[in-house]
Amino acid sequence: MKQNIVILGTQWGDEGKGKIVDYLSKYSSYVVRFHGGHNAGHTLVVDQKKIVLHLIPSGLLHPNVIGIISNGVVVSISELVKEIEMLKKNNFFIHQRLFISDSASLILPFHIAMDIAREKTLGINAIGTTGRGIGPAYEDKIARRSLRVGDLKNEKKLSLKLEKIVNYYNAQLVSIYKDKSFDYKVILKDLLKFKNIINDMITDTNIILYEAIKNKKMIIFEGAQGSLLDIDHGTYPYVTSSNSTVGGVITGTGVGPKSLDYILGVTKAYSTRVGNGPFPTELFDETDSYLSKEGNEFGSTTGRKRRTGWLDGVALRYSVQLNSLSALCITKLDVLDNLKEIKICIAYQNINTLEFHTSLSCNNLENMKPVYEVYPGWMKKTSGIKKIEDLPKAAKNYIKCIEKIAGIPVDMISTGPDRNDTILVRNLFL
Ligand code: GDP
Ligand code: IMO
Ligand code: MG
């Protein structure tokens, strides 16, 4: 029995993690966001209703599930309150089902201003961040000057810490970036207002998870972003500021590695990337237009057009290795339905060598040319298919080739955005 499942993106984010977490949450007692912040955009479609979550764990549409925002997350309280309100409007009530770690660092308005100001200054060298203040908030955490969720409980301490950090940011925003300054009293007033709404949710989430594991409750750890955006292992510096690989679960929750039973890598049947940075299999031709349109490849958080490309087997092998993946879930297979031929990059051509295994963290990817294997398309509708045997032969062959390239099994396939458009190839819960 798989008790604790980690669900991670193997590419540059937007693989469909939210949909898969939502699907598997019906079996689960807890769903945990362990890193990142509201830079994530996880789309769930249930009974034709679309819900996009940025901070709240994707399992909470199931009334049996308890959601945890653990210490590794950077939390914007205003965004969190907005999301709780949005769910309420859609008749999803999370009262007494969401807990936030008192050790999580806060994202505050000056982090957002700094993120945007820096990106503007970088011009064509910008990272292409989501502008949500993620980088500056994690910088403060590492520099040991963060305001943490637990600080909201002590108004006096909060006020003193806030005044100090606002001064620190104002000095840079005004003198270096010629930007506006912030008044800490205004920020404080807002924080206290929001705190009243979330006060009961603030707790030591380590203990909740420890008890859950002891009582053999099933937990899903919901990754955000993707492995290639990991701060240590991704395509640095074009990455996010947290560990989106499996190590982030350990540091971001306080749960030890022996408690993780199964690690599922969610992989789009092709590739996308939003923001700047290397992308070896990127397409600029009519296939890009096709994938963009059929896959509706526009960011769930910023609305930006996602760059598209063929599936990158070298990058996939790297993700399998980084995360000790148990299996893959292939999403958006249906998007390929009308392509005559489909390619997978199986190696990178360097100047004189072929690279089948390589780190994407420090390699000079600009000089690498993808080497492709070409597969026949199936030219048949797969959207909504729920059983592996109903897939066309060429689609099954494509899945087999991915398994061979990745070296691990494909345990799930997603054939549409709806929760039910899902094939469970192997019963994960045996
Ligand atoms: P996440 O960030 O990994 O949760 O992914 P996003 O929600 O940002 O982007 C995935 C997009 O693809 C969303 O619009 C989903 O509704 C959609 N989606 C997920 N799985 C499938 C699928 O199998 N087929 C199709 N056509 N769309 C899917
Ligand atoms: P989900 O969870 C795709 C990208 C940004 C940018 C880089 C750094 O929906 O898969 P940041 O704002 O984190 O400092 O931006 O990371 N990025 C994502 N791309 N999906 C995401 O999340 C992303 N979160 C951040 O576009 O390139
Ligand atoms: Mg997304």
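Easy rule for this one: first residue shown is 1, then count along the chain.
Cβ coordinates come from backbone N, Cα and C, glycine included.
Of the residues Arg97, Arg118, Arg304, TrEMBL puts just one in the IMP site with Asp14, Glu15, Gly16, Lys17, Asn39, Ala40, Gly41, His42, Thr130, Arg144, Gln225, Thr240: Arg304.
Put simply, Asp14 is the one of the recorded positions Asp14, Asn39, Gly41, Thr130 whose Cα lies nearest to the Cα of Leu333 (GTP binding site). Using a 10 Å Cα-Cα cut-off around Thr43 (GTP binding site), the recorded positions Asp14, Gln225, Arg304 reduce to Asp14. Sequence-distant contacts of His42 (active site, proton donor), defined as residues of its own chain at least six apart whose C-beta falls under 8 angstroms from its C-beta, comprise Lys17, Gly18, Lys19, Val21, Val52, Leu53, His54, Ser58, Glu222, Ala224, Ser300. For Gly41 (IMP binding site), the same-chain residues lying six or more positions away in sequence with a CB closer than 8 A to its CB are Asp14, Val52, Leu53, His54, Gly299, Ser300, Thr301, Thr302. In this structure, Thr415 (GTP binding site) belongs to neither helix nor strand by DSSP; it is coil. In this view, the densest Cβ surroundings among the binding-site residues Lys19, Arg304 belong to Lys19, judged by other Cβ atoms lying within 10 Å.
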